[in-house]
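Per TrEMBL, the features are:
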type: TRANSMEM; residues: 36-53; note: transmembrane segment
type: TRANSMEM; residues: 65-85; note: transmembrane segment
type: TRANSMEM; residues: 91-108; note: transmembrane segment
type: REGION; residues: 109-134; note: region 'Disordered'
type: TRANSMEM; residues: 254-271; note: transmembrane segment
type: TRANSMEM; residues: 278-296; note: transmembrane segment
type: TRANSMEM; residues: 324-344; note: transmembrane segment
type: TRANSMEM; residues: 356-375; note: transmembrane segment
type: TRANSMEM; residues: 395-418; note: transmembrane segment
type: TRANSMEM; residues: 450-470; note: transmembrane segment
type: TRANSMEM; residues: 476-498; note: transmembrane segment
Amino acid sequence: MSEPHTGANAARTAHSYKQLKEDFVSNLSGGSVTEVAQVCAVAPVVTLLWSVLQSRQSFFKPYTPLAFVIDYLLNVGALLLSVTLYSSSPILLNILLLTAAAFVYAVPPSSSSSSKKKPARPSNAKSSTTTNPQGLSVLSTKPFLTNYRGNMLVVTCICILAVDFRLFPRRFAKVETWGTSLMDMGVGSFVYSAGIVASRPLLKERAEGKTTPLGTRLIRSFRHSLPLLALGMVRLLSVKGLDYAEHVTEYGVHWNFFFTLGFLPPFVALFQSALAVVPSYAGLAVLLSVGYQTVLETTGLKGWILVGVRDSLLSMNREGICSFWGYLAIFLAGQDMGMVVLPRSLGSSSKASGKVLLTKMGSWAAVWMGMYFLATDYKYGAGLSVSRRLANLPYMLWVVAFNQGLLFAFAVVDVVFFPQFYSAGDARAEKEAYETATSRVLKAYNRNGLAVFLLGNLLTGLVNMTVPTLHAGRLATMGILVAYMGAVTGVAVGLDAWDVTIKL
């Protein structure tokens, strides 16, 4: 008679632990916008240190095993420290990294320093509608974009597992309803960066003078959506089937982030038709978000989302369905910035192109920050509160303004330490300058971003199913997180080394 009794106790224990994990990520109020900025500042500061090492000492060229270890410790290890052991003192971590950068800069540069190389002379490559006579495409993959997206993916992969450990501060985890946190910023940043990348085919169409019919755009968008929707369905079935701990008020009973990503492409294709009326993706983003906020404030929608009864499929997933409009606005804003940072100014002085780009980016960052201030300030603005759960207007403006500022910081490091990229005479010289100015680790994360993110989700689930994360001490937590990020990074770098690109 003891075995059934033991089984019942085990079931009760498993249920109570699941409830404990759900409570662990529920009813959180977040932290300050300033603290989120201080933690995220570690990323461009690390890039600054990496750039000093590379531009002054050519430390990562050739890319030796030691170079890979330092690359990993800087671009993964430092970010891991910023959300764990240094989570209460991110300013100190930034100071330590800046001090190291100053020390390296003070050391005389090596004779093989990449910054001393002169741009290659223009080649005789044939031109086309999307290239100039030097073989340079009208679009360019700038090093700071790779650094920005790579860092965003690294932090995302760290946080999705770290949040299940007590070492990860609760103020960094997703807020229940009102407030700001690091992970709230992370999910919005993922969508924003996807918007930047999505502007590339649009720019190619413009360069070629083509206009794609709406029907064709929708068909293409659904092709991009299907893998994401399939991943969303797989996650839904696995979470329900394995009785995995879940936070219902995050997206709803059945909805998850993959569904949000999957429905973005077709709606973006529809909104492109509105460019005839509002010739700006930023304008569309603001109009959409203002319209959504107006509906929230003037109808019962906000109350229904927050406290409504879950008695239908729609009401069960109201958070995910309604917040989709906010994420769509963030995606459109990302596309607008992609229109700024991806094109190459072939008609202007290449030496001045970096400064021109910085001016544009800095101006846009100031505009978005100003709008965020007007939306949230209680004395001079509307006094609205940020809500990732609603993806309301203040949340959209915070995410866009923050990412614009972060992009600008990465771009400044890029232009200062690797100006040869912006004065490259031909495609070969530009490629060499790009490889010199880009971390191999971040390049690998950026190349297969969605696949790496999916791997991180799978490993996170595996760890949670095999390790009682809430009972892990500091040493065990750091050991697990280092091993986990080592595995994710190893797969990412391996795929890049084997020249494998996984498109999802």
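Quick reminder: no glycine exception, Cβ is built from N, Cα and C everywhere.
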Taking the transmembrane segment (65-85) as the first stretch and the transmembrane segment (36-53) as the second, find out whether 3 or more Cβ pairs fall under 8 Å, excluding pairs closer than 6 in sequence.
yes
Please give the sequence-distant neighbours of the transmembrane segment (395-418): residues at least 6 beyond its ends with Cβ less than 8 Å from one of its Cβ atoms.
33, 36-37, 40-41, 43-44, 47-48, 51-52, 54-55, 114-115, 142-145, 147-148, 180, 184-185, 188-189, 191-193, 285, 289, 326, 329-330, 333-334, 337, 341, 354-355, 357-358, 361-362, 364-365, 368-369, 371-372, 375-376, 386-388, 433, 436-437
Residues sitting near the transmembrane segment (356-375): Cβ under 8 Å, six or more positions beyond its termini, same chain?
282, 286, 333, 337, 340-341, 345, 348, 381-382, 384, 393-394, 397-398, 400-401, 404-405, 407-408, 411-412, 415, 422
